[in-house]
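Q: For reference, TrEMBL lists these features for the protein:
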| type | residues | note |
| --- | --- | --- |
| TRANSMEM | 84-104 | transmembrane segment |
| BINDING | His102 | Zn(2+) binding site |
| TRANSMEM | 116-139 | transmembrane segment |
| TRANSMEM | 151-172 | transmembrane segment |
| TRANSMEM | 184-202 | transmembrane segment |
| TRANSMEM | 222-239 | transmembrane segment |
Amino acid sequence: MLSLRLPQLFDIHQVPKVFREDGIMSGYRHPRSSALDCILSSFQMTNETVNIWTHFLPTWYFLWRFSVLCSSLDFLTDSYTLPLLVYMLLICLYPFTSSCAHTFSTMSAEARHICYFFDYGALSLYSLGCAVTYGSYAMPDCWVNSWLHQHFVTIGVANSLFCTSMSCYSRFVELQFPHKSKIMRTAAFVVPFLFDSFPLFYRLLSCCWGSCSPSQALASHSYHLLFAFLTCFLFASHLPERLAPGRFDYIGPIRVLLLQDVQIDGRVLDEGYEPVVDVLNDEPLLRFSLPAALHEEMHFLRAGAWPFKLSPLCDALNGLERG
């Protein structure tokens, strides 16, 4: 019978900086995982498992809702339903793309950037879908046929291009300027959201002033805006993980760290084992260059192998600190 072994997980100091997340201390996958390892890791508790499934499962929910609408609406001949068709297609595309991005983002540093480029692009398309539907169905009566109404979708397209370009560019300066990168990426998502939501903001304010009657659609829009603001806040602040680093790495896992034997000349002793990552050079421990003192009698803990020898390593590290 074919047996598959779940991929090994690592701590934050065992992976390159480009893979690290604020406040997340463990549960990292190997930075050079294979496609199969990435798929298998979605069935174990890693720090990406929740992200993967909270995007993958809603994809099927939206597809189901789309199929229900297809049975009751004529998207092909009724022009009034075309904006809804665009929105439903994009709302199904975005979570699926994001799920794939989180799944395969640990194949390499380059693959990580590419995956998130697709993720940002899909999010930008979703914001464009919002602009299309809000401009068609949620525009206040006093704005109908105005300059803003006539160019609402055009500006939405420009915002989507801005969102994609700015968010993708922010990844190139992430390591050198992490705060600047975070501000740029947050702004890239906030600007299209605020513009798309102008009609909703106007409707909500009008109801607060008593010039309209509350409706079920308005209540749904209110919940949508509330959770959108909450999402933006959590994304920008990295709460609650920043308050208690390591406490929110993943939900309910049993933490098991297994370090494999590594041969100093750059080859993994046990064939089939993935190498750990050098915490000093941010490179895989396949061809690392460390002080000669660290090369003496260096042993790693194997699954089921005990005792293991760490005294030469500790002495060497102490010598480095004194030097």
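Any Cβ shown, glycine's included, is placed from N, Cα and C.
Curation does not apply to TrEMBL; its annotations are automatic.
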Q: Which one, 84-104, 116-139, 184-202, 222-239, has the most C-beta pairs under 8 Å toward the transmembrane segment (151-172)?
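A: Comparing 84-104, 116-139, 184-202, 222-239: 116-139 has the most Cβ pairs near the transmembrane segment (151-172).
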Q: I'd like the number of other C-beta atoms within 10 A of the C-beta of His102 (Zn(2+) binding site), please.
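A: Total other Cβ atoms inside 10 Å, all chains included: 24.
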